[in-house]
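Chemist: Supplied in structure tokens, the structure appears directly below.
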């Protein structure tokens, strides 16, 4: 646990969770830690000697280049280094050596960038990503980096030796690495010459580059002579230094149309202390000499957290809460299946198929339809047979509203449906009332009081709160633990994706799951307790607790369709691919025989040479690929590193193309660009990647046998399945082939079954497109409509431009709401036998496999 916990965290839910965490540490055999292990790895001394470059042309072609090389190894240093600038030369030589100490547990990728210096701005000629794990100990290696049919080249010499620094212990799950965290605490006082309060306009600033904390300007205390405290947390592997700066605040007068005083900072002097030189757990005092005979006294103490002292979970198995839920839910599902399938006796727990129900995105249309689909499953007695219930965007609004009731699935759904109808069918003008605006302002001030700024996504969450409740909703996601504690309801999984700047969700998206117990990334095997989502973590340790956000803010994030870029808007709404943008992207060359080398050593990364885009091209890309808005959340993986062999881990689920992609800046093969290197998460609507949360239920640990997919979108009836099939094929995930007759794409049926008879690990998929087919003529399964009123009720358009159920339609007439709920319910009831057949297939697979399959 962190060294200091906030008092609010210790109250309420914090204390039970604290006890649970302490208990976990005493149970070494606990299954949820089976993928986390402690390892000891050595340090290595790496010497990088930048020799020379050849055939470098100046960008303006009127003079020769002024070249320098920038080196950046973020796993071993806190900031980039660079050579001197060699002016007016097409063939510059440097012969400069840069030493690094690298840790053997992490993937150390060196970035080398050749620049042509300009008066206004330096031009990046090309950049290189070099995996240092390819080097042999004690054997100097000279690399000539170039690309085919390009005369430009850079020559660099590498030497790798064992270090005299003792090996250190880390914690890893095979994808991420957590180092011990170094904490520096201390006080600063003026010494013999002056106290801090006597520095006048001068100010002392402390900074540790690479630390979690920002530079800290020290303000005198209210009582003269009292010391000023400081704290820094940093990775000791980076050889960090404490910088003490004496600065002066100057008031500069500007003459002109508006004569104003402007504060400017002038650096007067600077001193540094190497933090690795400090003894651990010992208090010591250092006198630092600054300008004009000033001395500052620093009383400091350094301590190191143990490598295993983490406040997040590193592992690829299911958390305790979900495991306990499954044990109880299987008993409920066994009895339900016995009733529905007419079995002579209840199933053994290992024979109970795992059924997941998925709801697609689609705004109010999806939310309303899911109520009807769940009502149909409940009427068939199948809701108790469902293990997981997951949704994207609008479907998540339905699910999260249902889970306000701890026993919602044990009651008739007419009550929740009526509640939803009253809100969907009412006027939304109240969200613009003075009272509501005062509420928005109050929430905004509350955010700002905690040091946050409210984003448009957060404001959207408050609007969704009004839309769903028309009053303040105090509920939090962790409250839903009560709804699954006895296995009484399906386990809810809410979906979002983490995106990176200037990359579409189609090209790169990291699925993030939200459950009552945990929030985390299956890709990294990194999870935090739901109560701690939004708090500040560094190197796996909780540094600052913030209260868990109310669920309305999560609902805004899960349904943040407006966070699209122009590129995604054209792609999703118009079906247009802006291929001309490819001309404005930089190019990538893999400079070694990558396919052959990957077979020999799957842990190594290819050497990549990037030719960056021009400033104009960057501006064009920014216009089309920057997101209109995107909420940012504290990154709980910040400060963790990628494991040395992460590329060979099956748990790190990425496309095989990622390792040899020529897509500029594709992050998975560039560990320095991956999420643990970021300060914040950018979480948006999962529909930007796949408009249904298939990736979250396809994890092998969940061993899902049958997926019941409800697609409420306005996209093609099989598009979400086809996108999922490609996603799975690219990543080696078992999934059935989606083969449909072209006629079905034009005029789809109500239900389709997809299964791979030869692959029992592939889930059975039962897919329900949202169509008005037999419902138009039938009041109920097998009962035709008779009266004009009955026929009129069933005669409506569900898809196309003339539908009343568009993505931007948030208010329905009562008749429109009833039609959509009734249609969705009917489509389930009318396919009772197909559902039973799918369940029978899942049961047969379980029996043939002797229990668990898919895992």
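The backbone N, Cα and C atoms fix where each Cβ goes, and this holds for glycine too.
OK, Swiss-Prot features for this one:
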{"type": "ACT_SITE", "residues": "393", "note": "active site, nucleophile"}
{"type": "ACT_SITE", "residues": "685", "note": "active site, proton acceptor"}
{"type": "BINDING", "residues": "60, 116, 118, 123", "note": "Ca(2+) 2 binding site"}
{"type": "BINDING", "residues": "60, 66, 116, 118", "note": "Ca(2+) 1 binding site"}
{"type": "DOMAIN", "residues": "27-145", "note": "domain 'C2'"}
{"type": "DOMAIN", "residues": "304-855", "note": "domain 'PLA2c'"}
Chemist: By the count of other Cβ atoms within 10 Å, pick out the sparsest of the recorded positions 66, 116, 123, 393, 685.
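Modeler: Each of the recorded positions 66, 116, 123, 393, 685 was scored by Cβ atoms within 10 Å; lowest is 123.
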Chemist: Test of understanding: give the count of other CB atoms lying within 10 angstroms of the CB of residue 118 (Ca(2+) 2 binding site).
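Modeler: Here the count is 13.
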Chemist: Between the recorded positions 66, 393, 685, which lies closest to residue 116 (Ca(2+) 2 binding site), Cα to Cα?
Modeler: 66
Chemist: Near residue 685 (active site, proton acceptor), which binding-site residues out of 66, 118, 123 have their CA within 10 Å?
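Modeler: Near residue 685 (active site, proton acceptor) by Cα: none of them.
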Chemist: To the nearest whole angstrom, what is the C-alpha distance linking residue 118 (Ca(2+) 2 binding site) and residue 66 (Ca(2+) 1 binding site)?
Modeler: 8
Chemist: Within the domain 'C2' (27-145), count helix residues (DSSP H, G, I), strand residues (E, B) and coil residues, in that order.
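Modeler: Tallying H, G and I as helix, E and B as strand, the rest coil: 6 helix, 63 strand, 50 coil.
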Chemist: Summarise the model's confidence over the domain 'PLA2c' (304-855) as a mean pLDDT value.
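Modeler: Within the domain 'PLA2c' (304-855), the model's average pLDDT equals 90.
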